[in-house]
Structure formats: structure tokens, C-alpha cells
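Have a look at the structure below, then the notes.
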Amino acid sequence: MSTVTAEPAPSSAPPGPSARPSRLRRSWEKHWYAWAMVLPVVIVLAVLIFYPLIRGIWISFTNLTEANQAAEICTRSITGGEVCAENPNKWEFVGLDNYVRVLTGEVGEFWQWTGTTLIWTVVCVACHFGLGLGLASMLNRPMRARGLYRVLLVLPWAVPAFVSAFAWKFIFNERFGLANALLSAVGIDPVSWFSDRWTALFTAIVTNVWLGVPFMMVALLGGMQTIPGELYEAAEIDGASAWQRFKNITLPGLRPVSMTVVLLGTIWTFNMFPIIFLVTEGQPAGQSEILVTGAFRAAFEGIRNYSLASTYGVLILSILLVFSVFYRRALRKQGEVW
Amino acid sequence: MRRTARGIAVLAAATLALSVAACGGEDEAAEEQPKVDPASLNAELTWWDTSDPQNEAPAFKELIAKFNQTYPNVKINYQSVPFGEAQNKFKTAAQAKTGAPDILRAEVAWVPEFASLGYLYALDGSELLADSDDFLATPLASNKYEGKTYGVPQVTDSLALMYNKELLTKAGVSEPPKSWAELKTAAQAVKEKTDAEGVYLNPAGYFMLPFMYGEGGDLVDTEGKKIVINSAQNAAGLKVAKDLIDSGAAAKPSANDSYGTMMTLFKEQKVAMIINGPWEVNNVTSAPDFGGLENLGIAPVPAGSARAGGPVGGHNYVIWSGMPQEKIDAAVAFVKFMSSAESQAFLSEKLGLLPTRTSAYQVDAVKNNAVVAAFQAVNEAAVGRPWIPEAGQFFGPLDQMATEVLIQNKDPQAALDAVAKKYKAEVVPGYGL
């Protein structure tokens, strides 16, 4: 490149402006195949990601709903004929109205949902990681029937999420569920699980922990098996205790894996729709709703509100973007490269 | 679900192609000859039925078989779609202009909404409405939107007091309670003298309406364009409901799955009274532990200080506007058959559903049906709902309010004020508070 650009223009060529196009053209002649190679990827990204994203952002600045999206509403008569009337309140650009309405709480419960989402995400990911790490360390040593344990522990992963959601919902049923039957059996009063915000959230968290632990366990187990055995041998010779080996070899050795899975787990849990939607149904009175389920109900019940849905989408995306920027910065500080 | 949706889309596309091929040449013939020979109608129609697939669907399938005796070449693709999903599913498909059913069983509140979006055929001028005087006025009114009629009433219903005769007798209650105060006494008697609970209230918006109507309240005033949900009458009605629970006369409801819990308890004779509609009659009477129809009592909902009344519900047949013109004759024939007095009488006899035609009530099988007779009194007292496109959205905030008041002990007036604000912000911005 530098040789191309460094070459002085021939004296006959006009100076200034035209130097640029010719440089571009020369670059194109030399590197056209590279552009041709990336073109398919660019097109796929544009179609699958950029177009929907930009359209979503654009819609969030309008008041588009199902009722006002058509320029005209046509009524067909069964006897033939069709009457089309111009839509009297056609959708229009409304600027930041949607954001103001959502953030001031005029529509929906944005701040309450955000709070619930944060609690839900932190508790779920912490439990996933903690339990996954514990189970992985237990399975990461020779023992009888290890294969069987591994299969059994991965099982929750293999069950479709909605099946386990319904199963857990029934376990926590206030009248007929197993949880209250067990509590009564040991002499504790049955709990009205879905009558209180925190107990309702608890049922959803239990369900999601049950579902999410296998992934963490498998990922961490894989990470543990990449840690060279010699390190442990050397530490043992030096007289390090089991805890010291875990803290000083296993944990640092796992860091590349655990950082990635925690990031993934956070994003997944943050947007984990089916568990809240099916297990608590937002009860009581919408208080266990998280952002994604709240946004869904706000936007898709009754006449669908596409602009409101996009507004929530953009807000959720921004929260996750901010999170991942900080997370990546934290990683870079620790010298991680991905 | 996505897979089935695609399946339906493929099916519909295939149907469309077939029917276009089959019916291409018949149009002119039909024009010249108004009276069509039933056997000459040749089409494939998809019908989304939202009735209960176990209790009600078999009767509808029998009706289809009867229809096919007259119209052997009209194939009906019967598809059972869960009631809770049908509204959104239909809107998605209708908007995409593919995969929607030709005929849908729509809940009364859906019709104005679908019509306002242009998703339905206007039926004016067709033979479906030729004898529209025969239909009961209130169910028919739910099909009207801006002067046109978009559906044909299938069944009508309202909420009633359903009670377990045996349990009430055991408790020494000889007559079903006529007011909420009587209900409270009766429920407490049941609780004391039997090992069942008195009454189970479903903490959902729709089921709170009898309490609000009882004191003379309503949701919105469509003529005055005013939100009246937070009236003192409604608050008084909710206090009545709350008092039933607080005093122990009513069982403590659960926030999640309360409808299912209510039905299970009633069917297992663990609760003596519930407020519910005719659509559950078959479910209750066929439950093994209940004791059949002899044990089921049906009475109008108890009265408040102003009146007694439940909300008008029910279902209508509507035809999707995206259905190709060639299939109109077959669709009209099908809907006409299904909504005829004979078919309504048949459903009434089989399932205890309430006909929407005056003439159907003259049929002996209906006249002598105890369930229908009981519900007829109920329906005469029923209160019409606001038939506006937004009507379906009233119940989200109302459900939340019911949970807050009945389970979380929130003050009724405060909870209703919050609902009014939500209606203003999200449902009917054009209305005054």
C-alpha cells in the first residue's frame, strides 16, 4: 500500500482532487478479490443484523401499532366489492416520545422490571457458576460410574425448557404441588408461593438454576481438563493443600473459560423469557415480571404496539451493550485476549 | 408452535392452489344460478375452533359430519386452537396474509378489534344475516363495528353461580344465595358443617365484573367517552369480594393458576360454590367425583346493592377477509349450517351451551334442558360489554388489579385509580378520566 501511495502523481495528471479517485481505483484493481471475498459476509450481516436493527431503532421513534400501520384499511364485503378508507390515524414520527413514556413510568413499570431483572440475573448466574463449578470439580477426578453421573447431570439441559417450566410450576402449585406437600409433611405451613413478589421470583430462580447448571458444569469441566496435570503434581510435592491447589491452579487456569461462560450466562439469563413467562406468569400482579416478559406483555397484548416493543428492545440492547463494554474492559485489564 | 404455523401456512397455500384450480370455472355458473346444488360446492375450508378440545370438540366434529351429509364436497379442516392463543395467532396470520383460517370462532370482544383492522369479511347482504331478527340482540351487537356486521353469533354466555347441591343441603342451605350477603352466610355454613370450603373466587378481572356490576358500576362509558372504572360503585363491589376472602367465607385464592385450581376444587367437591359460565358445565358434570348433573345447581350471580348481573360473553363465527372469493359460497353455507337453529339446539343438548337464536329456544330439546333453562335466567340479567376494538385490552390491567386487591390486600379505590390511569395511557387515550 505504502509504495502505491508514495508514488508521486505523473506531472501530466491534474493535481489535487483527482489524485484520490485514481488511488481508490488502483486500490480496487489490486484488492478487488478481497472485497469480493468479504462481500457475501457483508450482505448476510446486512440482511440478518443491520437491517432489522436499524429498522427496529427507527420504529422506536414512531408510534407504529398494528392498528395504524396500514395507509388504508380495506373492508371486503361477502357479497363482493371492497371498500377502502384512508386510515384516519396513520402512524407518524414521534421523536423520543416512546422513550419518555417508558422511562417516566407512564407506560409499564420499566424501573421495577429493570430491578427485578438485575436481581434475577445476578442470583441465577451466581448459582449457575457456583453449583456448576462444584459439580465440575467433583466430576473431574477418576471415580466409578463417572460417565453415568455426567449423563444424569446434563439431563436437565436435554429437557425442553417449557417442559421443565411446567413441571416446576406444578411443583410450586399452592394447593396441589409437591413443595407445599413436603412442607406440610414436616409440619411447616404451606407457602403461597405466587402471592408475594420474592417467593414468586424464588420459584423462577430455582427453575432456571436447575436448567442452567449443566451448561456451566460441562463448560467448566472442559476447562479443567485443559489444565496440565503436572501443575497439580508439582504443587502436591511442594505440600500445597487441596484448597490451595484449587485456589491457585484450578481457578486461574479456568479464567479464560469462566469469563466467557459468565458473560454468556449473563446475557442469556438477562433475556431468559420462557421461565418467568411460564412459571410465575408475572404474578403477583406483574411484580415478578422481568424486562423481556414485561415488554412482551406491554407490546403484544391486545392491539400490538410495535413501536413500544422496539423501544423496549433498544433499551434492553443498550443495557447489555454497556454491560459488555465494561466487562470486556475488565477482562482486558486482567490481560485476557479474546 | 412456529412449526405448526408453517405447517398451516403450507396447508393453506396448498388449499388455496387446489381450490383456485377446482373452482376457477364455477364462478359464472354460480352467478346465473342463485340456488346452488349442495353437491356442486367444492372447496376446502379451514376452521379454527377455540372450544375445549376434550369436552366440547367432539360435538363440533359431529356437526361437521352432519354438514358433510348435505355438502359432501366441502372439506372442513377442523383445527383446535387453544383459546388463549387464538387471538394473537389469527392476527399474526391475517396480517401476514397467509396461514389464517377461513373461518374462526372468535370471542365476542375480538370481533370489533379484527374488524377495525380489516381482517374480516363484512357479512351484510349475505344470506347469513337474512334472518338476523332471529338472533338475540346482545350477542348480535358484539358483531357490529361502524354500522357493519362482521360475524354470526355461535353461543352466548354469562357468569352464573354454580353450586354443589349436596354440599349446600348438608350445610342446611335450602336455596341458592340471592345476594352477596346471603352468599357469605351460606359459605360460612358450608365451612362449618362440611369439610369443604364455601366459595372460591377467581382473582381475575372478568370474574370481578359481577361484583362491580352488582353495585351499579361499569368499565367505560362508550357514549360519553369516559373512563368510569375507578367509580365508588366499583370500589364498593371489590370491597364485597375482598370481605368474602378476609372473613374466611371464601377460600384463599392463589395468584397463579387460580382458574384451574377453582375448577379442580369444585370438581372434587372441595368447594361448594364458584362463579363460572356454561362452558364448564360439561366439564363439571362429567367429572368422576362430582355426581353428575343432578348435583350441579345453577343460579344467577348474587346481587349487590344495585342489581345482579354478569358480563355477556360468547363466541361468533367470523370469515377471514383473506379467504379467496371462490370459497365464499362454501364458507357461507358452512357458517349458515353451524349457526342454524337445529345446530344450536344440537350443541345445546350435547354441551349445555346457550343458543343465540330465539327460534332455537323453541326446540323441545332446548326447552326441556335444565341447564339451558337455568342459564336463560342468568342471561336475561347479563350486562353488555363495551363493543369497541380496544375492549380486549381492558382485562390485562383489570387482572392485575384483582390480584392486588384480593391477594395482596391493596386498597380497592387506589388499585382502581391505577387501572384508570393505565386505561388512559395505554388503552383508550381518547377517553376522559
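Cβ atoms are placed via backbone N, Cα and C, with glycine included.
TrEMBL lists A:1-10 with the feature compositional bias 'Low complexity'.
The annotation region 'Disordered' is assigned in TrEMBL to A:1-22.
What TrEMBL records for A:32-54 (among others) is transmembrane segment.
The transmembrane segment annotation in TrEMBL covers A:118-139 (among others).
Annotated transmembrane segment per TrEMBL: A:151-171 (among others), in sequence order.
Residues annotated as transmembrane segment in TrEMBL: A:198-221 (among others).
Summarising the annotation, TrEMBL assigns transmembrane segment to A:257-279 (among others). Long-range contacts of the transmembrane segment (A:257-279) within its own chain (CB-CB distance under 8 A, at least 6 residues past either end) are made by residues 117, 120-121, 124-125, 128-129, 133, 161-162, 165-166, 168-169, 172, 203-204, 207-208, 211-212, 215-216, 219-220, 222-223, 288-293, 296, 316, 319-320, 323-324, 327, 331, 336, 338.
Residues of the same chain lying 6 or more positions beyond the ends of the transmembrane segment (A:306-327) and with a Cβ under 8 Å from any Cβ of it are 56-57, 59-66, 69, 91, 94, 98-99, 102, 107-108, 110, 114, 263, 266-267, 270-271, 291-292, 294-296, 298-300. Per TrEMBL, transmembrane segment is recorded for A:306-327 (among others).
Between the transmembrane segment (A:198-221) and the stretches A:32-54, A:118-139, A:151-171, the greatest number of Cβ pairs separated by less than 8 Å involves A:118-139.
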